[in-house]
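Here is what Swiss-Prot records for this protein:
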type: ACT_SITE; residues: Cys171; note: active site, for beta-ketoacyl synthase activity
type: ACT_SITE; residues: His311; note: active site, for beta-ketoacyl synthase activity
type: ACT_SITE; residues: His345; note: active site, for beta-ketoacyl synthase activity
type: BINDING; residues: His311, His345; note: substrate binding site
type: DOMAIN; residues: 11-415; note: domain 'Ketosynthase family 3 (KS3)'
Amino acid sequence: MTMPSTANGGFPSVVVTAVTATTSISPDIESTWKGLLAGESGIHVLEDEYITKWDLPVKIGGHLKEPVDSHMSRLDLRRMSYVQRMSKLLSGRLWESTGSPEVDPDRFTVVVGTGLGGAERIVESYDLMNAGGPRKVSPLAVQMIMPNGAAATVGLQLGACAGVMTPVSACSSGSEAIAHAWRQIIMGDADVAVCGGVEGPIEALPIAAFSMMRAMSTRNDDPEGASRPFDKNRDGFVFGEAGALMLIETEEHAKARGAKPLARLLGAGITSDAFHMVAPAADGVRAGRAMTRSLELAGLSAKDVDHVNAHGTATPIGDSAEANAIRVAGCEQAAVYAPKSALGHSIGAVGALESVLTVLALRDGVIPPTLNYQTPDPEIDLDIVAGEPRYGDYRYAINNSFGFGGHNVALAFGRY
């Protein structure tokens, strides 16, 4: 029995027709892309009051170039969590960029992942209750705290009735959202989907928590050089704020409305390590299986893969495990790019952001340079794109996302 795939017509052809993002380099995706190609970094010294108040060991990160709240009304600020406000902003931009199309609500789905959701509202509500009792807690607290609030905001704003979902799978949440949206479409439950990931701002508690795990870089005197994916001297990740969404739909639906596809979404693989709560399995076997599964569903072989957009957090164990995963999947010939070297780590949003960058690499036939890759690690024998952008005839690419809890997600994209 032949395994169904996109290539053999077993699944409908799914295309990406619009993308949007806000990052520490620029509030729009095209300017972010140009900045990455030019070797820009969004990582700087943090000047927030909490850095000195708590004398945090990490004093660097990447705040959004343009604050989300500068686009919000007083009512939005009062009734929405931060991730809900980000979702509202990005979904509005995405929909406008695609011409605000008329779609059948019953064939329209939304999947938006996040790592923590509206966690800041839990702290605020607790402080209010501590100071004045339960009556001080807002009746809007529940809708702001619930992790599915960001996806629900998009579903309400755009009128999606084919399901609204919220993957909460740590650093793979954004990619898993795209995977589930693709599944909704190929299973016949939807024709079009808004999908991606959002995350809250850099705050003191996440810095403290991840620092205590020794997962973060402490190169405070060299912020732009701190995130060093796959480099022998890497010492941890750096936070970088971001959010990203994309519009995917069947090729038939896109053609019917006159949309111009940016790329194809060919397959999605999801596995889990069943190894450790926060450490990846060093052998990369299950992560590599996610990559292989995405290719099987796409109808591709490992040798077809021209480019891997790596999860590449710059942690010693994480990058080694990913290198092993790429070898397990047989994709070691692919040109590898690690965007966190320039943009930092945005947790629940990062998989979506890096998926968008993968789409743009295929669209333009160019891969940005991985910053700070200076001393190759002999244990990581990969073709890391560094120094300058690399132009080429890129047909197929995989985006990797791996998260605490042993979550592994790989998305296979193709040039349109």
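Using the three backbone atoms N, Cα and C, a Cβ is placed for every residue, glycine included.
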Completion exercise
Residues near Cys171 (active site, for beta-ketoacyl synthase activity) by Cβ (under 8 Å) yet at least 6 apart in sequence within the same chain, in sequence order, are Gly115, His311, Thr313, His345, Ile347, Gly348, Val350, Gly351, Ser401, Phe402, Gly403, Phe404, His407
Completion exercise
For His345 (active site, for beta-ketoacyl synthase activity), the three-state DSSP class is strand
Exercise for the section: Within 10 Å of each Cβ, count the other Cβ atoms, then let me know which of the active-site residues His311, His345 comes out lowest. Expected result: His345
Fill in the blank from the handout: The average per-residue pLDDT within the domain 'Ketosynthase family 3 (KS3)' (11-415) comes out at 98
